[in-house]
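The structure under discussion appears below in the form of structure tokens.
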Amino acid sequence: MAKEKFERSKPHVNVGTIGHVDHGKTTLTAAITKVMAEKNGGMARKFDEIDSAPEEKARGITINTSHVEYESPNRHYAHVDCPGHADYVKNMITGAAQMDGAILVCSAADGPMPQTREHILLSRQVGVPKIVVFLNKCDMVDDEELLELVEMEVRELLDQYEFPGDDTPVIMGSALRAIEGDEAYVEKIVELVQAMDDYIPAPERDTEKPFILPIEDVFSISGRGTVVTGRIERGVVNVGDEVEVVGIRPTQKTTVTGVEMFRKLLDRGEAGDNVGILVRGLKRDDVERGQVLCKPGSIKPHTKFEAEVYVLSKEEGGRHTPFFKGYRPQFYFRTTDITGAVELPEGVEMVMPGDNVKMTITLINPIAMDEGLRFAIREGGRTVGAGVVAKIIE
């Protein structure tokens, strides 16, 4: 049979399984692919295929991640599953696998465990918009009241981290029994995917978001003016648009007088395009790498923020020794390094290679930033950590 062609007609949504080790994340992933393949076409994937996750590199960090895909009646899902807890931490902090929503897997037999909490916290810190819950291994619990108790605990945990516990869909089932073909449990997988369809919002397309282009280079072309180059991160820019240059120095306004790509003049550029943009009235020295060109008022420069950070282990090429408060590395945002000072949370004296930690960072120059922006931590050009802006302070 010929390969089915990739259907572009359905909206594409990125999800992932999160939760404590051995609560059944990978088994659930296998169950969803099997049930959806039977109902809507596509490939069923076995536990072993998913579990032997290939290594990937994201921002110089090695992460083991498995990618599967499946179709619901309304959507095409790309789904990530990680074998180890450390892989989740790295994956979520680096944004290697962007998640529009997460499926929290919690064993009904064990209830919430430390990593259940930690993955919910990470989801909050890195800006995962919605979580749906699958209470797994319900076939091992005879007591209705016990199931209700675990459900209540999970909802309370979600509330603690500012997810709407009461409104979150909670599906009770057994991934293993669904794989074995037990009809009652297959139905629960269908219910779960239906809950994802209903509860996880389809992501806004990159082209619909406000325009932003991280500036990589600046040239001056005699007789034409100043050109900034870079890859449009999101949004669309048209010739004639007013834009701002934000970051490092005071914000400046200008107008786009030309957009070129591969030496051809265009009327517009959009997310993903590598372009040169001609800007009116700015000199070559007014603009520098590390600033962004953006829709006026859409993004502000900031210097102080709270971040969730993963520190590379020695084996990953990171530091060999811990760092302490007052640590001053470079923070690499988009296209440039900015020096900053680190404050650690109360009671944390030092951070070891391989740890993840919440910290407050103060940069010496402002950078255009939103919550959710990813960055690398570097020492002399070598990556020693990865982070994400969790909360802007000033």
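Note that the numbers count up from 1, one per residue, in the order the chain is shown.
Glycine too: its Cβ is placed from the backbone N, Cα and C atoms.
Proximity of Thr26 (Mg(2+) binding site) to non-local residues of its own chain (separation of 6 or more, Cβ distance below 8 Å) is seen for Thr17, Phe47, Ile50, Asp51, Ser66, Asp81, Pro83, given in sequence order. Summarising the annotation, Swiss-Prot assigns GTP binding site to 19-26, 81-85, 136-139 and lists sequence analysis as the type of evidence.
Per Swiss-Prot, the feature Mg(2+) binding site maps to Thr26; the stated evidence is sequence analysis. Classification of Thr26 (Mg(2+) binding site) by DSSP places it within a helix.
If you look up Swiss-Prot, you'll see 10-204 marked as domain 'tr-type G'.
The average per-residue pLDDT of the prediction over the region 'G2' (60-64) is 83, rounded to a whole number. Swiss-Prot lists 60-64 with the feature region 'G2', giving similarity to another entry as the kind of evidence.
Using a Cβ-Cβ cut-off under 8 Å and counting only residues 6 or more beyond its ends in the same chain, the region 'G4' (136-139) has close neighbours at 23-24, 27-28, 105-109, 147, 172-177, 185. Among the features that Swiss-Prot reports, region 'G4' is placed at 136-139.
In the three-state DSSP scheme, Cys138 (GTP binding site) falls into the helix class. Cβ atoms under 8 Å from those of the region 'G2' (60-64) belong to residues 53-54, 82-84, 87, 90-91, 94, 96, 310, 312, 316-317, 376, 383, 386 of the same chain, restricted to positions at least 6 beyond its ends.
Neighbours of Lys25 (GTP binding site), defined as other CB atoms within 10 A of its CB across all chains, total 27. Other Cβ atoms within 10 Å of the Cβ of Gly19 (GTP binding site), summed over all protein chains shown, number 27. Secondary structure of the region 'G2' (60-64) per DSSP (helix as H, G, I; strand as E, B; remaining residues coil): 0 helix, 4 strand, 1 coil. In the three-state DSSP assignment, the secondary structure recorded for Cys82 (GTP binding site) is coil.
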